[in-house]
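Database features (TrEMBL):
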REGION    1-23  region 'Disordered'
DOMAIN    513-903  domain 'USP'
BINDING   957, 959, 1066, 1118  divalent metal cation binding site
REGION    1159-1179  region 'Disordered'
């Protein structure tokens, strides 16, 4: 605050006012206060409190003096503040001392010294304490006077005001050229905003702007995010003394310049309308205004306070009335501070004589609408020792205090090892309970297996120590040796070049594409591969296109298109998983994992992937069955082919099985409901509690009983009108083309069942082999970990014509259906997919897939027609033997999912793919941003006549933001190892015309809206600022990622050639696969082998004499520059051939080494100019 124009007497005080007082006077008004807090000031308590006489009655609505209290006589009160949480009034004086008073009676609550010499300039109450701002310090104290933190300012700081922007952040301003933002959680400076000299003396805030008052007489309106100045009001020619904001009005008072006479208080208040950002009629008042505040009760009244104690109320848009003036009795002193309570019922004035005056408009005043209860110090109670009666026989001698003279510890002083709490671990839930548990909402119900005594738990000491007692066991790593290397979790080793020097061919020597595992929730990579290698699914999703922003069928179609184009290089499912994370059902089912769960291996992947399997089939079934049709996207013509019909879903035809669920009550009432199920869950036979041995079962028999399930449970009977024991039976009408089975091996009981059945099958095969003479080229018997048998029998259903025939992969050639069996509707199923859960204690486990890849896939990739089983472990792909897919050693390889397919089921489906992306995606579209205007458009969309053709050039550049920071570790030698790269998201994509009359003009400049939290906008490198991607406040052309993705896909499918700098990374983050002959990357055009890559900025300066990317990057500028560099490269190639290009590149690298690859300043004048006109001259 600038007091240059005020009464000169305010800055000078007689030494007699605050010198040494008479030592014989009472120390304080309250005898419980610490005398050290008063700094030697001793006053008569009778002169400290002046109460309103009983004859004075306060009128409702009229402000009158309620109390007046002297804190320290003669020391000016520099700041007053009503506590926002409690019924308290705070004051601070020019000597750095603060006091607080409780309630309307102004009883002294606390008093303490904050600063030794500097005055208190601003007070702000918090939930846990109170902030005090002095010239060079910000301190926080509890309300009782205990310091919480001390934040010193920079040298030369002159702070005047602070502003709380939220519960944990504040701004501090003063007479310097910056405003500081401080985080109260860490008590550290988070940002520093530069402002104009002479600085900011007053700060206010609304939901639209920060308002900053300057001592030059101006008020600036600044952006809430960036603190950049949006508007400026030049209120007074001299100086500003105070201003306030309410609703759409801003009122200010100050001083006007009077030439040689200096500053004079201006009796005109400047009032501004914030809707039109202009001044309205000034308001003339009858006092010299020094402070003003809005007091919005039933009207928007203004309280104008003068230096001499006069106060006037008036409307900001009306006329001031002399009758509305009252006077604060300051006994000749000047007012130095002023504050209004949050309830608008009380006013506080601090004067230069050390008094605080409380005014109110009601006798029963409250400072806040809802104040919490204030804690008071309890009086000191000195306990007296009890009287001991020595004559009493039962007197405990422990009542007599005895000094501890011995050096030996007391018996009650236990060592730490015995006193440390050691809670016992909760025992695991009985697997039988988990197996039979039925979930309703989030509550599970299961029958008590009665395997343990009531309210008793067996304490198992053996499971506490997981480290082998034998040293040999420690060296062998028992959990790791049993897992073959190809089944272990694969990780990508990152270097300085990222993924460029990682050898993916070492893990995949086929032409099929793997999937990268470093993306969040990439545990489902194996199931994505399963869906891709089902030909009807691959064709379905690639023909599907809808208007939903997050559609899993659309994203799978885009991903499968990339897998089709790849020739062995891995792809990543980042866009698919991004859409997957936005599906509410996926989050509700617990399918979205936290990063910590994935890294530590806490997730139960076997159960998780089975839930994911059920979810994805249901989701695809719903999305491909919508009425608008798969091709209905922005006017694309709808086609009613086999895959495009909306009446029946291909998912339903492929996986769907019509079932009848019958519920029979014991009263005889039977209820039958028909439904469609997409998969079945294995149910295993109950084990006899008396007989611990597991009987031998046929796999097909268990599967039939699981499909045609019969179980007893409690259900509601409408006939009995209560819950009754019912028998529920599931019967099937027909079998699907692809039979999906969730194995449900989620406990040791089911795993033991699989192990025993595999041993039975192995022993039976060995006995059969011993009885028969050996035959040449006989297939080997099943391993002891394989349990699959052939079944040819009708299931227990009313439809006896349905016959299930299940075959294992190693016995398919032995069986054929007879004509009678085919007439009865029998079906032969081949095992085509198994998904096991790999148990590995070292890595937390992982999921892999065994897939039988059909002839059509081999024909497209390798030009051969055969079938082969492959192991898919993220980006590791390896051919395996057909028996390996059906072998499960439950010690480390637990079955999770199996797919059986009918033979020749493909013939029922139309497997043609017609690209649904049409040229209409490039036409004009509306922006998602509400503030975006056509006049601000940075691009001109393509006309119909400008539609690109194959071979056309398109300049491309993209900018990105960071969603997750990079995770790295430092090795012992000081080098950095990247564990997990930063997760990037595309934020802006620009395409410019590469030929024609409008060459260099952008036709796509899309900012990509994101719903995920951005941790770093990378503004220096991307040019993206906070708010640019927010549809509510952005002024850019904002679109969805899917909309822009379709534009780029259309350009790729058309066959255009993209020109850019570093396009490999751009396409990787956008999640696009572009053939190499369609990419022209200037980073490789101007590159010599085994030398560094050169930045676009240096190439533009060297070859084009352009100075780009000065402060931030602009994608339009970068795309144009890349096109010009390509034209320059063609010019060099045509002029001198390969030798001349090599000579020019040598000169480029020599110049770069001399300049340390930094572009010199254009005005340096040191002979380091661009060699465009000198060095690159072709003979």
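FYI, residue positions are counted from 1 along the chain as it appears here.
Note that Cβ sites are derived from N, Cα and C of the backbone, with glycine treated the same way.
Given the structure is predicted, the values throughout are model-derived calculations rather than measurements.
Taking the features listed in TrEMBL, we show where each one sits on the structure.
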residue: 957; record: divalent metal cation binding site; CB count, 10 Å: 28
residue: 959; record: divalent metal cation binding site; CB count, 10 Å: 25
residue: 1066; record: divalent metal cation binding site; CB count, 10 Å: 23
residue: 1118; record: divalent metal cation binding site; CB count, 10 Å: 26
Within 8 Å of the Cβ centre of 957, 959, 1066, 1118, which other residues of the chain have their Cβ, at the recorded divalent metal cation site?
956, 958, 988, 989, 990, 1060, 1061, 1062, 1113, 1115, 1119
Please compute the mean pLDDT of the model over the domain 'USP' (513-903).
79
